[in-house]
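Feature annotations, reproduced from TrEMBL:
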- 41-263: domain 'Fatty acid desaturase' (DOMAIN)
- 17-35: transmembrane segment (TRANSMEM)
- 42-61: transmembrane segment (TRANSMEM)
- 81-98: transmembrane segment (TRANSMEM)
- 161-178: transmembrane segment (TRANSMEM)
- 184-205: transmembrane segment (TRANSMEM)
Amino acid sequence: LAKHPEIKALMKPDYNLIWVVVLMVLAQLTAFYLVKDLDWKWVVFWAYAFGSCISHSMTLAIHEISHNSAFGNSKAMWNRWFGIFANLPLGLPYSISFKRYHMDHHRYLGGDGIDVDIPTNFEGWFFCTRFRKFIWIVLQPFFYAIRPLCINPKPITRLEIINLLAQLIFDVVIYYLWGVKSIFYMLAGSVLGLGLHPISGHFIAEHYMFLKGHETYSYYGPLNLLTFNVGYHNEHHDFPNIPGKSLPLVKKIAAEYYDNLPQYNSWIKVLYDFVMDDTISPYSRMKRQLKGEVKQD
């Protein structure tokens, strides 16, 4: 910032995010209606070919919303309510809890017992062979859901209860209107999209140490178009209050800080290398013992 103060001008909400999320919700509602009378094989096909992409993209929209990128920091609660709305087509309540844990991830990156993005000791010990690492990738959404309860359980908040109730009501309405195939499409799309899927390469690309001494990596490939530029991950951790839309400008303005860092151009290759490289496992993360006062969200 001292060298490039113009970056401060990028620290403002991305109001286009609101309309993109609304359109994504409408797209999924349309898909719920269209799959209700299809044969099961086509329901499964469209859940992976289309639903999984929208669902994973929506989780990254929720990531943007968790940083107050939709309405700005001055309207934090508007962002929380909008996150609950964005959560609806995923089928499972997620938004409010994600916000709480994700802020810890930014404040205490790699913090032992705090940052639930760090795999458990069991994951590192068990998923150590190529086949087991492949299974770990498939099951990633389950580990991300269960891991906080094992590493850093938090008291349930009023907003989390509201998130849960809103989601249950939405799911019941979808089942009542269009039946079990629409519900299956919704839930299968979320699970498949966060598991063995090209976009899921970002889970591993962001912080797994393929190169010793380099803890965070950026990806500059085309899938950023579907993921609100979450691939610009060094830039995001440097400036978490800048919306994803503007992160390419951060890289352009401060190119001397980013161009020479290790980077990826393919999340699919990241997944392949993770499975096939016997020196990489869920243990390949930087873990820190935190000192001093820890303030969690």
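Every residue, even glycine, has its Cβ placed from backbone N, Cα and C.
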Please figure out which one of 17-35, 42-61, 81-98, 184-205 racks up the most CB pairs under 8 Å against the transmembrane segment (161-178). 81-98
Lying 6 or more residues past either end of the transmembrane segment (17-35) yet within Cβ distance under 8 Å of it, the residues of that chain are 42-43, 46-47, 50-51, 54-55, 57-58, 61, 64-65, 69-71, 82, 85-86, 88-89, 174, 178, 181-182, 185-186, 228, 243, 245
